[in-house]
Amino acid sequence: MSDISFRLKGSVVTTVLLEIHEPILDRIRIDLTQKIEQVPHFFNQAPVIVDLAKCRTISLDEFEMIVKLIRDLGMSVIGWRAKNNLPEWAEASSIPQLPDSKSRDMKVSSVSDEVSKEVGTKRSDTEESSVIVKKIIEEKRVNQPAKVITRPVRSGQQVYAEGDLIVLSQVSAGAEVLADGNIHVYGALRGRALAGVRGDEQARIFCKSLEAELVSIAGNFMLSDSLQNNVWKESAQIMLVDDNLEVAPL
Amino acid sequence: MAKIIVVTSGKGGVGKTTSSAALGTGIALKGHKTVIIDFDVGLRNLDLIMGCERRVVYDFVNVINKEATLNQALIKDKRTDGLYILPASQTRDKDALTLEGVDAVLKELAEEFDYIICDSPAGIERGAQMALYFADVAVVVTNPEVSSVRDSDRILGILQSKSRRAERGDAPIEEHLLITRYHPERVSAGEMLSVEDVEEILAIPLIGVIPESESVLKASNQGTPVILETESEAGLAYTDAVDRLMGEERPMRFLDVQRKGFFKRLLGG
């Protein structure tokens, strides 16, 4: 049994950021309703932050009308912010004022295709309207379980993993191991190893004894000839630094 | 339940048939009823090495096609009790082997025999895959040179993925390494891979190292399995290998360069 009644933890939540350019309530209502109709499940009960940084002037009344409008449309306002453009009523509002955060404007790195498509259409549609719906996305990597191979990967065999690949034995000459993520070989790597085959430049290759015919990360490859001048028949990792493969002893 | 042992290598000319004959004879000498099947349809050799080529009437393909019964095709070895040979057909090719046909023959043999040795043809195609498909144990015959080792590695991959055990998800085939034509002098001169090199690359347990020996060629030409040549190093090394295959511990012999004795040097031997 735990001896405390609660725990405080930090957490990041995906929210919608509503950037107000001009506080024209009717236009906001029309544009926002239209947006919501396109992807209703996405906006349903979504937490919203109202961003006033790009809005020249706005009264407390106007702001509260906007908050009410958002709530009427089925979303919940969890706070507002205004960067350096603080209105005079800042202290008086009952809605919490939030500190500015680094929002990445539509840079959705690893959300499913469906969501990124939705965000994409939103962006192009909003260009002329007074409302820009931004989405702050938590960098959430969908965790692919690693593939674990316990027996040697023999000449002529090919193993591919959608996440990381862990080989607990050797990879023979003439064999090929590929992964979208990292490759770990807890034995001699004598064949070919291709990490980050879908373009992940952060992927690395680790092996207990580097004797590879070829290593590649995100399409940048190195052949055995050049490897032999580096770290050879030793524990090594291979990573991509500024589009160049770097081999380092472990 | 009979144990099915495939003798395979990938590469040709490394000593599969010689080893099949020697291992089969060795197992039979230990009192187990054994049959050696020649899977090299079209390039029949086993009967020559076993010295029974004149007694071949029906063959493996005849049995598969039900043109002969198993008992008509099996040849009883004259030297060793409890040893039989099922010869390959010389006139057909590997397409004559079907999975169902081979399965049926092996099932029938399993009722009568303790050990079934499948002498695989070279390569990784149909014939070789047929020979290894039903195996419980594999003896991978390798010469200490890079291309042979590479081919053995390839066949190990096929054992892992294309055998019946792999397809059914059963316990994997037991793999054993048999190094043949080993030449300690050439290894120490750096002209040949050492036992350690081969073991490191293939990473499977070693059951024997057969030294290069004139007696192997002589025995083959005379149609006698070399294991019966108890005077020769190769014959003794095969005997050791059979013992290890049966789970006995035997120290490795004939791995070091033999220093010539004083008299041998004196006499220029």
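Glycine residues also receive a Cβ, built from the backbone N, Cα and C atoms like all the rest.
Listed in sequence order, B:Asp38, B:Asp40, B:Asn45, B:Leu46, B:Ile49, B:Asp119 are the same-chain residues six or more apart from B:Thr17 (ATP binding site) with CB atoms under 8 A from its CB. Under the heading ATP binding site, TrEMBL lists B:Lys11, B:Gly12, B:Gly13, B:Val14, B:Gly15, B:Lys16, B:Thr17, B:Thr18.
According to TrEMBL, the domain 'AAA' annotation covers B:2-153. Mean pLDDT for the domain 'AAA' (B:2-153) in this predicted model: 95.
Annotation note: B:Thr18 (ATP binding site) sits in a helical segment as assigned by DSSP. B:Lys16 (ATP binding site) counts 30 other C-beta atoms within 10 Å of its own C-beta, drawing on all protein chains shown. The most densely surrounded of the binding-site residues B:Gly12, B:Gly13, B:Gly15, judged by C-beta neighbours within 10 angstroms, is B:Gly15. Spatially close to B:Lys11 (ATP binding site) yet at least six residues away along the chain are B:Ala122, B:Asn143, B:Ser147, B:Ser148, B:Asp151, B:Ser152, judged by Cβ distances under 8 angstroms. Those same-chain residues not listed among B:Lys11, B:Gly12, B:Gly13, B:Val14, B:Gly15, B:Lys16, B:Thr17, B:Thr18 yet with C-beta within 8 angstroms of the centroid of the ATP site C-beta atoms are B:Ser9, B:Ser19, B:Ala122, B:Val141, B:Thr180.
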